[in-house]
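Chemist: Just dropping this structure here.
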């Protein structure tokens, strides 16, 4: 007889993979001029942010599912606003890329996420330059370059949008550590949407007025309420599916599921969108990049587990070499958490850019997942 808890774990992972892939394909279908023909990525992102903010407000203030954190004006101005600005930028650029390049090529470019995060962390001083990690970044970069060279429908504008969105997201992840962690502020997916989604909506309003509003003639817009409602609902559900999956399985499992999801998504995109063509060079380049990403994830998981060992049990030299201090890729990994929380940031960074998933690393992630959202221990 199949273990009921194991079956539930696989169900969570399946829901995560389906929602993650579905939101990306749905966004592409809505924005593409060849299909639903709503070529307004900023407007679509604003709909998502507005909907997420309203649902979060209802959950926090009306149903009181979770309590709001103690938010002062200083914390909001110095932490929430900068993070929201980069979050809005990453979504804006990432969604705009759908207008120019294929879903498959976007997924291949997203292999650069660890590279961008590592570079931003080193520049901001939250991580140190290490030879092993640097070599992995070189492998990933070479793979992405090879994959880009093999892209038949290569578009410079779309590639620049996507890469810019990746670096904006990487900077947001680093700022999350530098700003929120120093303030001792911990947010779960509901409270993070409660504070950040409305602020992101405001930031998107300015480029919307300048870039999209003048070209939006009502007679030419296909506005189907159920299309946009279901699209925004899927984007919101993705946040909670990732939260539950990480809380139940842990960092390593969710990363493996993410790799599986990427391959499934690339294959599905070529079926749903026939104009997407994958060449042999695409596959070879992406496989090389993926090897670098997998090795990078392995090193980070290894570092996290090593840092969770009692310090007194390690030789003094080993402690110094490991660098027990927290790093950008090990956000919020206190001694009382398990591997679920330790993999939160790097896992989220692989899926966040254009899927509207806003996950703030928190020292209470695993505990909240178990007690309030029905997640169980491993």
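Just so it is clear, glycine is given a Cβ too, placed from its N, Cα and C backbone atoms.
Quick paste from TrEMBL:
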type	residues	note
DOMAIN	11-297	domain 'Sugar phosphate transporter'
TRANSMEM	7-26	transmembrane segment
TRANSMEM	38-63	transmembrane segment
TRANSMEM	75-93	transmembrane segment
TRANSMEM	99-121	transmembrane segment
TRANSMEM	133-154	transmembrane segment
TRANSMEM	160-180	transmembrane segment
TRANSMEM	192-211	transmembrane segment
TRANSMEM	223-245	transmembrane segment
TRANSMEM	252-273	transmembrane segment
TRANSMEM	279-299	transmembrane segment
Chemist: For the transmembrane segment (99-121), name the stretch out of 38-63, 75-93, 160-180, 192-211, 279-299 with the most CB-CB pairs under 8 Å.
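Modeler: By Cβ pairs under 8 Å, 160-180 leads among 38-63, 75-93, 160-180, 192-211, 279-299.
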Chemist: Which residues, given as numbers and ranges, are at least 6 beyond the ends of the transmembrane segment (279-299) yet have a Cβ under 8 Å from it?
Modeler: 104-105, 107-108, 111-112, 114, 132-133, 136-152, 252, 255, 259, 262, 266, 346
Chemist: On the 0 to 100 pLDDT scale, where does the domain 'Sugar phosphate transporter' (11-297) sit on average?
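Modeler: The predicted confidence over the domain 'Sugar phosphate transporter' (11-297), as a mean pLDDT, is 88.
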